[in-house]
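**Student:** Dropping a structure here in structure tokens format, bear with me for questions.
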Amino acid sequence: RMFHDDELEESEKFYVGQPRVLLLIYALYNTLVARSEMVCYFVIILNHMISASMITLVLPILIFLWAMLSVPRPSKRFWMTAIVYTEVAIVIKYFFQFGFFPWNKHVDYTKDKPYHPPNIIGIEKKEGYVHYDLVQLLALFFHRSILKCHGLWDEDEKGDSSSNKEDTDDELSLTGGRRDSSASLKSVNLAASVESIHVHFPEQQTAIRRKSSSSISQLSHRSSFSSHRSKREQILDTFKNINHTTLSLYFLQCKLCVIKSHCGLCCFRTLQVYVPIRQFFYNLIHPDYSAVTDVYVLMFLADTVDFIIIVFGFWAFGKHSAAADITSSLSEDQVPEAFLVMVLIQFGTMVVDRALYLKKTVMGKVIFQVILVFGIHFWMFFILPGVTERKFSQNTVAQLWYFVKCVYFGLSAYQIRCGYPTRVLGNFLTKSYNYVNLFLFQGFRLVPFLTELRAVMDWVWTDTTLSLSSWICVEDIYAHIFILKCWRESEKRYPQPRGQKKKKVVKYGMGGMIIVLLICIVWFPLLFMSLIKSVAGITNKPLDVSITITLGGYQPIFTMSAQQNQLKSLDPNEFTEFLRSYRGNTAALQFLEGYAREDITRADLEGNSNSLWTISPPSRKKMIQGLLDFDADFTLVISWTIQSCCTQARAHQVIKVIWWLLSARTLEEVYPYYIKAPSDSLAKPIKQLLKDCKWENITVSLVKNTSEEWWVLNQLGKRQKTPQESLELFIFSDKVSPPSLGFLAGYGIMGLYASVVLVIGKFVREFFSGISHSIMFEELPNVDRILKLCTDIFLVRETGELELEEDLYAKLIFLYRSPETMIKWTREK
């Protein structure tokens, strides 16, 4: 061993021998120390998510537009700014907690108002107002201590002092060292003062640009430093030829003019702020070195997560009256405005981000980052609370969306700081050839319009000589060859010896699964409709039962409804007695097998009509004449309405009767004693439960009281013997599907066969038929040469060799047009 120390070995043995819990704590602490910078970012963002005020808004914006864009790490000035700002915020919040301020006298009334000025600023009185600020300050001091331990806290000052020293030496060389001491002192002071106000705009050098990863890897820091020193020496030689006295007087005159002029002083203050910011972003866009990276996939995943949050929680971005379920709103052909706006904005930012990624423009990415950071924060913390009528800190879905968007901002800043890669084309799922990439890539291609949209966007924002159809042709060939390459690699990993039959595990595993899947698809509607009501069905108890009886189309003579206490379920004894009464009746027992005790409801209807009989005298006389005509039939219409929580069933029955007196009479076989209330809108009488399939008899009588008349009905042969006049009705309610499966159960058996089975069967038939026509392109033993040809097309396109791109594309097309050449190209090596 090159280095040996007994104490270090003993220390290592001591730590290895510690309990696993303690080792886990050590590991977590070391992770915290190594990522203390990210801990500070997380605490600052968390504080802003919970407080959501203008005081806490400043630091998150500085994180995404300053700290995360600094190379190689945030400067000491940023951390000091964050520490001092947090301390000032704590003092301000503490000062405004006193009760003598007017807005602190009605805290309970104004605490939930999003546009209350103290709530917006962050100086409202509340419990635990400073807890998260103290945690934030603790995290900042913890990171400061870590930097000091590693000697990185004063690194910026040392770098600044050394650079200032070099500039001072250069300025001394400009003024010349042969003059007297006083003159030299004046020139030095003048140069130092001029240095503070003189604007050094960076030169627009074409040599300092983002270079490719290959050229960067060959460039050393020594060569770059020497080139900069040579340029500095050339500039110094040029300045030495200028009259030093004239230059010094000119600088002094400029300084005096600036100080005397108030407008010049304002310009000077503005330049002091503008120039460093401009220089910061210029150095960011034109760095000396560029460690290129590619985090577009992670940014796309963050945007996708935000998209999913919008779809499933869109109600959090609109009014409180918005529907809580997007499927219910879309089923009613209603598109919520909040959902539409958020989806379009999210999708638009994803398209713009893809365009910047393809164009590899860092300047555009910086501008987009600045606009997006300010726009998102302004919308989330100033516009959204007014739209939702609640504070951002009370909107959990919006907080989750903002946190994921902060992850996207961090990834974007990292992409800007490192620079875009030279080659950005190609799907990230095609980087390796295994089953995971294969199935993920095929799933990516199954998403509707995603493959087409990606291909068209790549063609629009990429320099190429190919037409859109040729571009899509190359993409399709590459996708097909990639799938074949994955299958060939799997065959190499799991080879099948020649002359051996397939194992039963493979046959029953793959073939058995396909058989079960096809059988399930064929019989899915029958199985689904059978199980959805018997297993997952919900009891659909009636809430209102109404009966209406009409004679010959005249004014109804009887109307009555049963609700609440008048609707009773059968107890176990009554249900057992009910089943015993149909012992020996096969048809009735077969019908009753589909119903449980809770599905049967007995409705007790009052015999006296709840409405007076208000027929006009001419109609009354005409109706009596019709009843006295024994040769003509007179119709009796009985209508019933059963309303439940999920369905509403209506039906009526027309019965021809002969009635010759308006007095108490018995109507035979007119009353439907048992009603079936299915899940559809038609309630039907149950003839299987009636004796000899005959309906029940009822008595009808007209009661007169001075000038008022009403009808009274009484059922004969009731199960519940009651002395007063009443009607009894048994309702058998079918179970209904759960609301979550209603979109499938609503189609019915035939609808499911037409919409699901036939569509799936079409795709399955395409997989099993037409294979013989694609043998030439499917059965390729070795696709490495074709895959390399496709990647060569991508490579020459990125390097700008567009003529070579045309030649390689023509070679690829000729290869697919020539079967003999394809056979030669796909032979095993």
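Every residue gets a Cβ built from N, Cα and C, even glycine.
Pulled these from TrEMBL:
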- 213-226: compositional bias 'Low complexity' (COMPBIAS)
- 34-154: domain 'Piezo transmembrane helical unit' (DOMAIN)
- 293-530: domain 'Piezo THU9 and anchor' (DOMAIN)
- 568-828: domain 'Piezo non-specific cation channel cap' (DOMAIN)
- 155-180: region 'Disordered' (REGION)
- 206-226: region 'Disordered' (REGION)
- 14-32: transmembrane segment (TRANSMEM)
- 39-66: transmembrane segment (TRANSMEM)
- 78-96: transmembrane segment (TRANSMEM)
- 295-318: transmembrane segment (TRANSMEM)
- 338-357: transmembrane segment (TRANSMEM)
- 366-388: transmembrane segment (TRANSMEM)
- 400-420: transmembrane segment (TRANSMEM)
- 432-448: transmembrane segment (TRANSMEM)
- 468-487: transmembrane segment (TRANSMEM)
- 508-532: transmembrane segment (TRANSMEM)
- 741-764: transmembrane segment (TRANSMEM)
**Student:** Apart from its near flanks, which chain residues at least 6 from the ends of the transmembrane segment (400-420) lie with a Cβ under 8 angstroms of it?
**Tutor:** 41, 45, 49, 60, 64, 68-71, 210, 284, 287, 290-296, 298-299, 302-303, 305-306, 309-310, 313, 357, 360-362, 365-366, 369, 372-373, 376, 380
**Student:** Any chance you could find the range in 295-318, 432-448, 508-532 with the most Cβ pairs under 8 Å to the transmembrane segment (366-388)?
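**Tutor:** So the stretch in question is 295-318.
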**Student:** For the transmembrane segment (432-448), give me same-chain residues lying six or more residues beyond its boundaries with a C-beta closer than 8 angstroms to one of its C-beta atoms, as numbers and ranges.
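**Tutor:** Result: 479, 482-483, 485-487, 489-490.
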**Student:** How does the domain 'Piezo transmembrane helical unit' (34-154) divide up by DSSP, counting helix, then strand, then coil residues?
**Tutor:** 82 helix, 0 strand, 39 coil
